Amino acid sequence: MAAIRSQTRLLHPLPPLSLSHSFSSSPEIPSVSGDANDSLVSTAVSILRSQRCRSRWNFLKSILPSSGISPSESSAIILHLRNNPRLALRFFLWSRDHSLCNHNLTSYFTIIHILARSRLRSAALSLLRAAIRSHLNTPPSSLLQTLALTYRPCDSAPFVFDLLIQAYLHSHNLDPALSVLRSLRSRGIRPLTSTANSLLRATANLRGSAAALNLYRDLVESFRPNPQTFNTLLLALYRDGRAESNGEILVEMDRFGCDPNAFTYSIQMAGCSDVTEARRLWEEMGERGIKPDTTAYNTLIKGYCEAGKVGKGEELYREMVMEGLRTTGTTLELLIKGHCRAGNVEAAMLVYEDMRRKGIVPEAEIVDEMLVEMCEKGMVEEGLGVLRGEMGREGVVLGNRRRSYEVVIMGLCGAGRMEEASKLQAEMAGRGLEPDARVYEAFICGYEKAGEFEMADKLRKEMVQMQLGEDGN
């Protein structure tokens, strides 16, 4: 991190006057309303302002040419409505959705600027994404140039350029977003902290922690980092198995005067090699007056359960409830897995029943892990009850329950309850879930133990034919 230098002041974009001047004009990009029919525009604006909501659209459509209106005329109407941005937005969407205007980038960006100047960020971002989709072959530099050249006539807000970056990121287009960032920075326009954080997060997700760190080093003089910035980098390191590099990020965090929060500690605890180290961080968090949240509790509970100290995990869970924190499915699933791995299936069942009472649906693999332990301990009847309860849930995904059926069928076969196993397998097949080799082997072993060797041989041949068919496919 030697290349990372301190930044201690909040940087702002250049004043609006210089934005359009920093881009060269292009003959391919018309003025916002250059060739508009003034009479048509004036009439349309009058109708939109004076007519009641239900009648204005039909009346407006009746006075428009059969060919509709041009993008310049649309832009001119929108500019006249700039003090009523919601009406301007309704007009734009109406003209687009009724094919009354073949909108180009200029008309798109006119309404986007009007929305931005009124701080209607979500609507502006949504239209930016639509503009990008409708102009897929237009390079980012051209979109940025048009956005800049329409900026001053619309009296827009500087964050509109950040929204262009965000629009590309929302569409999972990292390279165009980075291209826009470079163009803006070359003209002295700096990103908002939220935009920089989004870029770092997208880079980490798509290209890993090393790329995210390189981007941070490049950006550090252009924005003011906050705790979310450093948490993004810590999480990237954790996901890449590079938690040993956390110290470099923490030094940067201290340099910028950013205090860690509960999530900062959760990420660090998740990357600890043993639960003792995680507990030390937990106590440090308390010493600094940081109140642990649900994620922090879940992280330490997971550490204790994986270390075989489920009792400690239960203690934390009770403390969590006493603190009034929301219990999540993750919390209870961690305890179920911990109890199962410790061989205490009865305790796992108690947590599972608690989940059901709370209306929390466990993941299929959690149920399967519990069923395996139950069947291995001879609790096949109880396991069958759990399976019935899970299959009775509304919205159950059948494909996720194949393993649950298989586990209980194998448990029934192991207990010599072959008739019940056959009925359950028929139910499984009726749901479109075909048995695999493990189910065949369970039936074969069960029939052999019962002395029904003819049935066992028949199933063995059927299993071979099934495997040959799979190999042929």
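Positions of Cβ are set from backbone N, Cα and C atoms, glycine also.
All TrEMBL annotations are machine predictions without curation.
Summed and averaged per residue, pLDDT over the repeat 'PPR' (157-191) gives 95. The repeat 'PPR' annotation in TrEMBL covers 157-191 (among others).
Annotation comment: TrEMBL describes 226-260 (among others) as repeat 'PPR'. Taking DSSP states H, G and I as helix and E and B as strand, the repeat 'PPR' (226-260) has 26 helix, 0 strand, 9 coil.
As annotated by TrEMBL, repeat 'PPR' applies to 293-327 (among others). Per DSSP, the repeat 'PPR' (293-327) is made up of 26 helix, 0 strand, 9 coil.
Secondary structure counts, DSSP: the repeat 'PPR' (328-362) has 26 helix, 0 strand, 9 coil. Look at TrEMBL and you will find 328-362 (among others) tagged as repeat 'PPR'.
Only residues 6 or more beyond the boundaries of the repeat 'PPR' (401-435), in the same chain, are considered here, and those with a CB under 8 A from a CB of the stretch are 364-365, 367-368, 371-372, 374-375, 378, 380, 383-384, 387, 390-391, 442-443, 445-447, 449-450, 452. Look at TrEMBL and you will find 401-435 (among others) tagged as repeat 'PPR'.
Assigned with DSSP, the residues of the repeat 'PPR' (401-435) fall into helix, strand and coil as follows: 27 helix, 0 strand, 8 coil. Counting same-chain residues at least six beyond the ends of the repeat 'PPR' (328-362), those with a Cβ under 8 angstroms from any Cβ of the stretch are 294, 297-298, 301-302, 304-306, 308, 310, 313-314, 317, 320, 369-370, 372-374, 377, 379, 382, 386, 389, 393. Broken down with DSSP, the repeat 'PPR' (157-191) shows 24 helix, 0 strand, 11 coil.
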